[in-house]
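Per TrEMBL, the features are as follows:
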BINDING   N10, W11, K12, G174, S213, G234, G235  substrate binding site
ACT_SITE  H96  active site, electrophile
ACT_SITE  E168  active site, proton acceptor
Amino acid sequence: MARRPLVMGNWKLNGSKAFTKELINGLKAELADVEGCDVAIAPPVMYLAEAEAALAGSKIALGSQNVDLKQSGAFTGDISATMLKDFGAKYIIIGHSERRAYHHESDEFIAQKFAVLKEQGLVPVLCIGESEAENEAGKTEEVCARQIDAVLNTLGAEAFLGAVIAYEPIWAIGTGKSATPAQAQAVHAFIRSHIAKKDAKVAEQVILQYGGSVNDANAAELFAMPDIDGALVGGASLKAPAFATIVKAAAKAKN
Ligand SMILES: O=C[C@H](O)COP(=O)(O)O
């Protein structure tokens, strides 16, 4: 079964109402004729309303950078999965290394978020990946396995049906130092084989994105790798031409 690539832009803490409209209009123009690749953007939740309106009539899907566990109640500052659905959001990033680091999110807590998203019919985009020190210590596979196992061992392999995993080595995020295609492919193959130990069919269909300094110049060689099914793009997703080039590279490589 051929996997349909997914390129998603994670805008992180960037933008404004005007920027949201302008960038989306740019993306709609750049991507009007592109087929064969799913595309999503995750603006800050503050701008979901502007994004939803600007995306009307386009095939670009809406996403979010985070979700909290509860659906309603006395949880000051939280944002629920049902609220995200209310704005038409579909792909929800969880476990990003910036949230693991700055908000002390644990593997177990992230697995709970994964469960909430599945219950609500949303698509989890589970970010995993090792630090530079872990990489140098040869612990990349161990770290990725532990982060995946938090979901696998509580929700089962079926939870990954229709889900997305983004392998983002922390040392490659925002540094301009992407993993090489061979490095990323090796980890992606490991991730797929790790899930296959529980369920080969689920492993075969799960979308494995690479993230970490993906740009318009290096995307094509990354997508040439058989287990790299798309990208989670930070900085380069803030410019319509660069992001569109990445999407077009995925569509070309995978079709
Ligand atoms: O979620 C996206 C990643 O953190 C990658 O960010 P970057 O493309 O700016 O390196």
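Glycine is no exception: its Cβ is also placed from the backbone N, Cα and C atoms.
Note that TrEMBL annotation is computational and uncurated.
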Other same-chain residues whose Cβ falls within 8 Å of the Cβ centroid of N10, W11, K12, G174, S213, G234, G235, the recorded substrate site, in sequence order: I173, V233, A236, S237, L238
Number of other Cβ atoms within 10 Å of the Cβ of N10 (substrate binding site) across all protein chains: 27
Neighbours of the residue listed as 'active site, electrophile' among the recorded positions W11, E168, G174, S213, G234, G235 (Cα to Cα, within 10 Å): E168
Binding-site residues listed as G174, G235, least Cβ neighbours within 10 Å: G174
Cβ-Cβ distance under 8 Å to G234 (substrate binding site), same chain, at least six residues away: G9, N10, K12, I173, G174, G211
Separation of alpha carbons, the residue listed as 'active site, proton acceptor' and G235 (substrate binding site) (Å): 14
Candidates near ligand 1 among the binding-site residues W11, K12, G235, judged by a Cβ under 6 angstroms: G235
Number of other Cβ atoms within 10 Å of the Cβ of S213 (substrate binding site) across all protein chains: 21
